[in-house]
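Chemist: First the structure, which I've put down as structure tokens, then a few questions once you've had a look.
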Amino acid sequence: MREFDVAVVGSGYVGLVTGACLAYIGHRVTCVDKNERRVADLQRGKMPIYEPGLEEMVARGRSAGQLRFTADLPGCAREAEVVFIAVDTPPGEDGSADLSNVAAVARSIGRALSEAGERERPLIVVNKSTVPVGSGDYVSMLVREGAEEAGNGSVDFRVVSNPEFLREGSAVYDSLFPDRIVLGAESREALDTMRELYEPIIEQSFPAEMDPRPKAAVPFVTTDLASAEMIKYAANAFLATKISFINEIANICELVGADVSSVAYGIGLDGRIGPRFLSAGIGWGGSCFPKDVSALRSIAREYDYEPLLLDAAVCVNERQRKQVISKLQRELHTLKGKRVALLGLTFKPNTDDLREAPSLEIARTLSSLGARVVGYDPVAAKEAARLQPELKAAFDPYEALRGAHAAVVVTEWEEVRSLDPARAASLMEEPRVLVDGRNALDPERCRRGGLLYRGFGRA
Ligand SMILES: NC(=O)c1ccc[n+]([C@@H]2O[C@H](COP(=O)([O-])OP(=O)(O)OC[C@H]3O[C@@H](n4cnc5c(N)ncnc54)[C@H](O)[C@@H]3O)[C@@H](O)[C@H]2O)c1
């Protein structure tokens with residue numbers, strides 16, 4: 001295996017995990033971030049994010065001398081053979097992806113390349129951020145513009161799209177054992193170089209402390225730039241739509257007296273459908289699905305195409321969050337003067353990410369309707385209360401439930417799944433409603449414990 005000099009720009013959920021995993025499989029990696037405090041923390045081994053297994057992975061890379069951290073992007077771009085762009089692409093006001101961070105990095109790479117003069121091999125600039133179709137060409141243009149600004153526009157580089165599919169909460173595992181690696185480029189040579197870089201993952205030849213290995217080999221999909229960029233949006237749009245689909249079915253189940261959990265199990269056994277992403281509840285959130293579906297809708301509209309199915313997926317999702325409030329209103333009547341406990345605040349378990357977390361919107365709505373809201377989360381309660389000051393942080397689920405008239409399961413952390421209904425009921429006030437936004441608890445056990453259980457699509 002050839003050892004590459006790699007720079008990864010952006011040390012967040014994607015960049016830091018990618019950098020740590022590339023170091024683990026044997027490359028020399030420098031993670032770059034413009035946030036100097038984040039860099040200083042990482043240099044001391046302090047993690048900026050919560051991601052299972054990441055801290056150990058970073059510590060291992062640092063002590064082996066394979067992984068370092070810096071804020072000096074130009075210095076890294078000059079030395080590296082491959083530069084990954086893994087910066088955030090947040091939604092702009094109109095829903096389209098804001099590419100200003102990607103653009104700043106691309107220009108800076110161009111300037112660095114220009115100043116470095118001739119190279120032995122072209123620099124491979126890999127776009128790992130989720131970006132609209134056409135961004136590969138946009139990045140090429142900006143690298144060249146940056147180089148021209150620095151006085152030498154004839155720089156040697158290739159742009160590659162390498163969309164990321166890791167899931168927060170299992171990001172390290174997903175990076176080492178991915179379902180596939182997707183690469184898009186117009187240059188065969190660049191694709192071959194990327195194959196070489198990823199070889200230990202594709203062939204699963206790196207040392208793994210896991211027996212048996214979950215994967216024998218990883219499919220390596222090569223395509224053109226636009227198709228690679230589209231694969232990322234299409235994957236997230238499909239998954240979001242799948243969740244909205246089961247939520248639509250759940251709502252109909254409630255009307256006709258069917259149980260969506262049985263329905264999901266029954267349809268999920270069909271190999272064409274599959275069992276995953278069929279959990280009904282309060283819907284999708286997080287830093288990816290809302291922004292990526294919104295960016296894809298915005299791309300379609302640029303071409304005067306109405307993305308009706310995607311629009312519907314978003315509408316169903318918005319309605320699910322409102323259903324939490326309706327279910328509470330149905331049982332509590334007025335929310336004024338009522339105390340509601342939110343159990344789990346991050347957008348899903350095993351992450352500290354609160355971007356577009358349903359909990360924050362639910363807390364805002366509840367408090368605008370006069371309720372007092374207490375939120376429990378094993379890792380993000382303090383940060384959630386900072387972002388949503390109407391929310392009082394609790395550091396234990398039972399502390400959140402003390403004196404509450406109702407509770408909402410927002411995120412199915414293990415600590416929430418394993419809640420003791422009888423203990424919860426003993427701490428709560430009448431009518432002791434439990435709205436299970438993830439259908440994560442056993443309705444019968446909750447009822448026996450003294451809770452008024454309300455799930456989604458459950459008879
Ligand atoms: N988080 C996920 O689960 C996930 C999964 C797949 C794809 N993605 C995509 O990957 C990209 C990164 O997402 P993330 O969640 O890692 O973001 P993040 O916000 O966690 O991290 C981004 C990092 O980039 C840094 N940064 C921004 N501009 C910079 C610049 N000019 N120079 C150097 N550093 C800069 C920020 O300081 C931050 O540390 C996004 O496009 C996202 O859509 C994210």
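Including glycine, each Cβ sits where the backbone N, Cα and C put it.
TrEMBL does not curate its annotations; it predicts them automatically.
This is the feature table in TrEMBL:
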ACT_SITE  CYS288  active site, nucleophile
BINDING   ASP33, ARG38, THR89, THR130, GLU168, LYS291, ARG355  NAD(+) binding site
BINDING   PHE165, LEU166, ARG167, GLU168, LYS232, PHE277, LEU278, SER279, ALA280, GLY281, GLY285, LYS348  substrate binding site
DOMAIN    341-443  domain 'UDP-glucose/GDP-mannose dehydrogenase C-terminal'
Chemist: Ranked by the number of other Cβ atoms within 10 Å of their own Cβ, which of the binding-site residues ARG167, LYS232, ARG355 ranks first?
Modeler: LYS232
Chemist: Name the residues of the same chain, 6+ apart in sequence, whose Cβ is under 8 Å from the Cβ of ARG38 (NAD(+) binding site)?
Modeler: SER11, PRO48
Chemist: Starting from ARG355 (NAD(+) binding site), work out which of the recorded positions listed here (PHE165, LYS232, LEU278, GLY285, CYS288) have their Cα within 10 Å, and give them in sequence order.
Modeler: GLY285, CYS288
Chemist: Whole-number answer please: how many Å between the C-alpha atoms of LEU278 (substrate binding site) and THR130 (NAD(+) binding site)?
Modeler: 25
Chemist: What is the interatomic distance between the Cα atoms of THR89 (NAD(+) binding site) and CYS288 (active site, nucleophile), given in whole Å?
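Modeler: It is 10 Å, counting Cα to Cα.
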Chemist: If H, G and I count as helix, E and B as strand, and all else as coil, what does DSSP give for GLY285 (substrate binding site)?
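Modeler: It is coil.
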Chemist: C-alpha of ALA280 (substrate binding site) to C-alpha of CYS288 (active site, nucleophile): distance in Å?
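Modeler: About 19 Å separates the two Cα atoms.
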Chemist: For ALA280 (substrate binding site), just count the other CB atoms lying within 10 A of its CB, please.
Modeler: 27
Chemist: Compute the C-alpha separation of ARG167 (substrate binding site) from CYS288 (active site, nucleophile), stating it in Å without decimals.
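Modeler: Just about 10 Å between their Cα atoms.
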Chemist: Mean pLDDT for the domain 'UDP-glucose/GDP-mannose dehydrogenase C-terminal' (341-443), as a whole number?
Modeler: 97
Chemist: Of THR89, ALA280, CYS288, which recorded positions come close to ligand 1, meaning Cβ under 6 Å from one of its atoms?
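Modeler: Cβ under 6 Å from ligand 1: THR89, CYS288.
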